[in-house]
Amino acid sequence: MIDTHAHLSDQAFEGRLDEVVRSAEDVGVERIIVPSVDLQDAIKVKSIAKQYKGVYALVGVHPEKVINEPEFKLEIDKLVKLIKGEERVVGIGEIGMDFYWDKQKKTKKAQVELFKKQLELAVVMSLPVVIHMREAEEEMMEVIKSMDRVPRGQFHCWSSGGDFLKLVLSKGFYVSFGGNVTYKKNGVLVDLVRQTPLERLVLETDSPYLAPGELRGRVNEPKNVRIVASFLAGLYEKSVEEINEITSKNALELFNKMN
Ligand SMILES: [Zn+2]
């Protein structure tokens, strides 16, 4: 199994990373991809990736950065410096747009700019992107449609509607669902899983958030990706082994620097 999204740099894992990574390996998680949320976090994420054989890093700036710091301007050179020549950095993320934390959309311009710059960089560097989107469907659709070329990438923790899913799939993106897909009132998400072809699905936990199933409310960990995998196996009417095999193959195609 490959957990494509676990924030191992989060405080929740402070002092117990060895155990968290080992217990994931013990249940068959071969690789873990760790996104960063800003440039500071990227340094920490990269050092974690160097510490463990199966752990890889993403470098990028999350939209919350400009929500919290509207004056923030991304110096693209700094981002490039963190990525260039780094074998363990396998993509740009997590980037995206979020109006859940900015209902008034005061930071719309800044978010669009930050997002576009990183998409363009991904095209130039031939790297995949990992995209976060919350309550920003329309705005993101506009950005994606406006670009001559979009990089390959993954929409993580999917929560948007079917029309947007269709666009995303038509542009070649992969999709992953968080542990919330396993929750009781998950009908909408289950419908969306059913519209997602297996060859575009990858697994994620979004640790330490969204612990699946019975673990809801606890600190989530990469080892729990098997709970998401077995839930998805039920929906696709496949064995867990098949789900693991296909989603791992997909993840290796997407994050091809891991090969
Ligand atoms: Zn995330």
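Cβ from N, Cα, C; glycine included.
Features reported for this protein in TrEMBL:
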type	residues	note
BINDING	H5, H7, E94, D206	divalent metal cation 1 binding site
BINDING	H132, H156	divalent metal cation 2 binding site
Taking the recorded divalent metal cation 1 site as H5, H7, E94, D206, identify the other residues of that chain whose CB atom sits within 8 Å of the mean position of the site's CB atoms, giving them in sequence order.
A6, V34, P35, V130, H132, H156, C157, E204, T205, S207, Y209
State which of the following binding-site residues has the fewest other Cβ atoms within 10 Å around its Cβ: H5, H7, H156.
H7
For H132 (divalent metal cation 2 binding site), which DSSP three-state class applies?
strand
How many Å separate the Cα atoms of E94 (divalent metal cation 1 binding site) and H132 (divalent metal cation 2 binding site)?
6
